[in-house]
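Step one of this worksheet: look at the structure below.
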Amino acid sequence: MSDHPFTKTFPVSWWELHRDSRALAWRLMERGPFQGVVAITRGGLVPAAVVARELEIRTIDTICIASYDDKKQGELTVLKGVPGDGEGWVVVDDLVDTGKTYRKVREMLPKAHFATVYAKPAGRPLVDSYVTEVSQDTWILFPWDAEMQEVAPIARR
Ligand SMILES: O=P(O)(O)OC[C@H]1O[C@H](OP(=O)(O)OP(=O)(O)O)[C@H](O)[C@@H]1O
Ligand SMILES: [Mg+2]
């Protein structure tokens, strides 16, 4: 028995992630202005850099959180927080899945605007702005977790 609920994979290339992060920036333009970006490490770092560049924001802080070990969700550990209640800040992460991470960050920054590039249904109510929804049983494969490799023809798989 698998120890995770994912039956499909949705691979995302660097180019697609850049395009989707820019689409998020367009959406955030209508919701700002923001005084700074809070990136949720580590997955939020790349989209946060793209959003900050597009919104011309140079003030960037991090909340450092760990919860998944490969595809298995474990205890959530906050390694580093930020001061304040989040007013005027936009929080950026790569995705919301169960919503556990953003539920915790909302407790820490109740007045912030919450953004992700991708959202699954269980976590969507915790996000104010996102770009693309994927089903709950899909694993989003990010470019930093992947490499190019040979595959067999479909007919032989
Ligand atoms: O909505 P949730 O079920 O909480 O899942 C979403 C979070 O899980 C992943 O981070 P992870 O803890 O794996 O750390 P990482 O960003 O360092 O890979 C992802 O980057 C989100 O931050
Ligand atoms: Mg993360």
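Just so it is clear, glycine is given a Cβ too, placed from its N, Cα and C backbone atoms.
What TrEMBL says about a protein is an automatic prediction, not a curated fact.
Listed in TrEMBL for this protein:
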type	residues	note
DOMAIN	20-150	domain 'Phosphoribosyltransferase'
BINDING	Arg42, Gly43, Asp93, Asp94, Leu95, Val96, Asp97, Thr98, Gly99, Lys100, Thr101	5-phospho-alpha-D-ribose 1-diphosphate binding site
BINDING	Asp94	Mg(2+) binding site
BINDING	Asp97, Ile140	guanine binding site
BINDING	Asp97, Thr98, Gly99, Lys100, Thr101, Trp139, Ile140	GMP binding site
BINDING	Asp97, Ile140	xanthine binding site
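The structure, with features from TrEMBL marked on it.
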{"residue": "Arg42", "record": "5-phospho-alpha-D-ribose 1-diphosphate binding site", "Cβ contacts under 8 Å, 6 or more apart": "none"}
{"residue": "Asp93", "record": "5-phospho-alpha-D-ribose 1-diphosphate binding site", "Cβ contacts under 8 Å, 6 or more apart": "Ala39, Ile40, Gly43, Gly44, Pro47, Thr101, Tyr102, Ala115, Thr116"}
{"residue": "Leu95", "record": "5-phospho-alpha-D-ribose 1-diphosphate binding site", "Cβ contacts under 8 Å, 6 or more apart": "Gly43, Thr116, Val117, Tyr118, Ala119, Lys120, Gly123, Ile140"}
{"residue": "Asp97", "record": "5-phospho-alpha-D-ribose 1-diphosphate binding site", "Cβ contacts under 8 Å, 6 or more apart": "Gln73, Lys120, Ala122, Gly123, Gln136"}
{"residue": "Thr98", "record": "GMP binding site", "Cβ contacts under 8 Å, 6 or more apart": "Gln73, Lys120, Ala122, Gly123"}
{"residue": "Gly99", "record": "5-phospho-alpha-D-ribose 1-diphosphate binding site", "Cβ contacts under 8 Å, 6 or more apart": "Ala122, Gly123, Arg124, Pro125, Leu126"}
{"residue": "Lys100", "record": "GMP binding site", "Cβ contacts under 8 Å, 6 or more apart": "Ser67, Gln73, Leu76"}
{"residue": "Trp139", "record": "GMP binding site", "Cβ contacts under 8 Å, 6 or more apart": "His4, Phe6, Lys8, Thr9, Phe10, Lys71"}
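Each of the binding-site residues Asp94, Ile140 was scored by the number of other CB atoms within 10 Å of its CB, and the largest score is that of Asp94. Residues in the domain 'Phosphoribosyltransferase' (20-150) partition by DSSP class (helix H, G, I; strand E, B; coil) as 35 helix, 47 strand, 49 coil. Residues Arg42, Gly43, Asp93, Asp94, Leu95, Val96, Asp97, Thr98, Gly99, Lys100, Thr101, recorded as contacting 5-phospho-alpha-D-ribose 1-diphosphate, have a largest CA-CA distance of 17 Å.
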